[in-house]
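Annotation source TrEMBL lists transmembrane segment at 50-76, 96-116, 145-164, 170-190, 288-309, 329-349, 370-390, 421-440, 452-478, 498-518.
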C-alpha cells in the first residue's frame, strides 16, 4: 500500500504543470486546523503523507472485522455457547443466551463498520485543501485508494487468513489480524501531528429540525421579492462553525420562510434564536439534502445487484460443476473475483481512464461524480444480463442431459460465473466510489460524515430490497402448485427470469437516475 501511494504522489507531481496552480498561501485555505486547534501549515501536513496512515488503518480494520470476529468464534466453539448438534434432520433450537451471543457478535461488527467507514472517508478527504487545484485532484484519487484499501483488506481476509485458520487453527488466525490492528492503531496516532482537522459544526440533525420548525412557524408570512432580505450573517463568516456560506437558491421556497426577518425579530433584535430564525446557509443545508435524495435513492438498486454476490449467485453456483482440475471451488469463494475486479479496476480508472477523460471533458477528475455513478449503474445491468445468460445455458444443458427433475449439479463449469462477478466489481469502482465522492463534495461542509453515512445506508437497504424482490417473485410464481422460478431444485425453475427482472428494474432505475442527474443543481459555496 505504501509503494502504491508513493507512486501516486510522484505521478501527480509530474502532472502539476498541466494544472492551473496558483501562488499558494502557507496556510490551508479551507479553514483546517491542527490537533491543538491552530491554523495549519499546508506544506507540512495533510495530503498523501497523512492519508497513508489513514488507509493502512482502514485496511487493517476491514481485515480485522471480517475474520477477527471473536464473539462469533466463541459462540461456535465453547460448548456452553454452541447450539446443540443436529440429530439427523432434527435440529434442537438454540437457547436464548446462545442466540443473544451470536447476534451480539453480528451487531458489533455492523456497529464498528458503520461507525468507522463514513468517518474515515470524510477524514481522509479533509486532508486535501479544496482551495488548491492540485490538492482537489489528489482528493479525487484518494477516494479510489480508499475503496482499494477496503478491498485489499477483504481479499487478504478471505484468502490468506482463511487458509491460516483452516490449517493452523483459529488462535493464530485471530492473532495475526489482532497484531496488525494494534500496529495500525499505533501508526494512526503517530500521524496525529500532520493531520488536518475541520472544526465541528454541531448536530446537523438539530439544524435541520430548526429549519423545519422555523419555516412552519412563519408559514403565513410572505417571502420578500429580494432574497438578499433573508437573514444571513454579514461578511464571509458563517453561523455554522467550520462551514462556508452557501448561496441562496430559488428551489423549495417554503423553507426560505425560516430565514424571514419578521417584525418581532427586527424589533427586539432577536437574531440568536435558531428555532425561530435561521440563516440562509442553514436553510440551504436542508435544501441540499432534499436535492441529493433522488440520487441517493437510485443507488439502492445497485446495492440490490451487489447483494446477489452473497445470495442468488451462490445458489446458482451450487448447481454448477465446482471441479476445476484437482480442486473443488466453493461457490461462495467466487465472490473473490468481485474483489479482484475492484483491485484491478481502481488503478486502471485512476491512472488510465481519468487522464484520458480529462483531455475530453476538461474536468480535474475526468468524469463528474454523477457520470461515474451512471456508468456503474450501467455495468450492474450487464452483470445481471451475464448471470441470466449463464443460467439459460445451464438450463439448456440440464434439459439436454435429462436432469430437469433431478436435484443434481449440471455439467457446466462454475468458472462461467466469473464475468458476472467481474461486472459487479467494475460497477463498484464507478458507482460506489462515485457515490462516496458525490456525497462528500456536494454535502454541506458540516454534514460530510452524515452524508457519507447515508451513502453506506444504501448497502443495507439494497440487501432488504433484494430480499423483498426475491420474496415477491417466489410468491407470485409459485401459485397454483407451480414450482415457481426459484424452487428448491433450481433445475426445475427459471432463475434466469429472476435475473432478467433485476436487470429490467436496473434499466428503469438508470433512466430515472439520468433524469434526476440532468436536473441536479450543484451546491454553491462562498
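Glycine is treated like the rest: Cβ placed from N, Cα and C.
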Using a Cβ-Cβ cut-off of under 8 Å, list the residues of the same chain that are 6+ residues beyond the ends of the transmembrane segment (421-440) and lie near it. 121-122, 125, 140, 143-144, 146-147, 292, 295-296, 299, 302, 305-306, 308-309, 313, 334-335, 337-342, 345-346, 349, 365, 367, 369-373, 375-377, 379-380, 382-383, 386, 448, 451-452, 454-455, 458
Which sequence positions outside the transmembrane segment (329-349), separated from its termini by at least 6 residues, show Cβ-Cβ distances below 8 Å to it? 4, 144-145, 147-148, 151-152, 154-155, 158-159, 309-310, 313-314, 316-318, 320, 322-323, 414-415, 417-418, 421-426, 428-430, 433
Do the transmembrane segment (288-309) and the transmembrane segment (96-116) share at least 3 Cβ pairs closer than 8 Å, excluding pairs fewer than 6 residues apart in sequence? no
Under 8 Å between C-beta atoms and at least six residues away from its ends: which parts of the chain pack against the transmembrane segment (498-518)? 294-295, 298, 301-302, 304-305, 308, 312, 370, 373-374, 377-378, 380-381, 384-385, 387-388, 391, 469-470, 473, 485-486
Contact set, same chain, for the transmembrane segment (452-478): CB under 8 Å, 6 or more residues outside the stretch: 114, 117-119, 121-122, 296, 299-308, 311-312, 435-436, 438-440, 443, 484-487, 494, 497-498, 501-502, 505
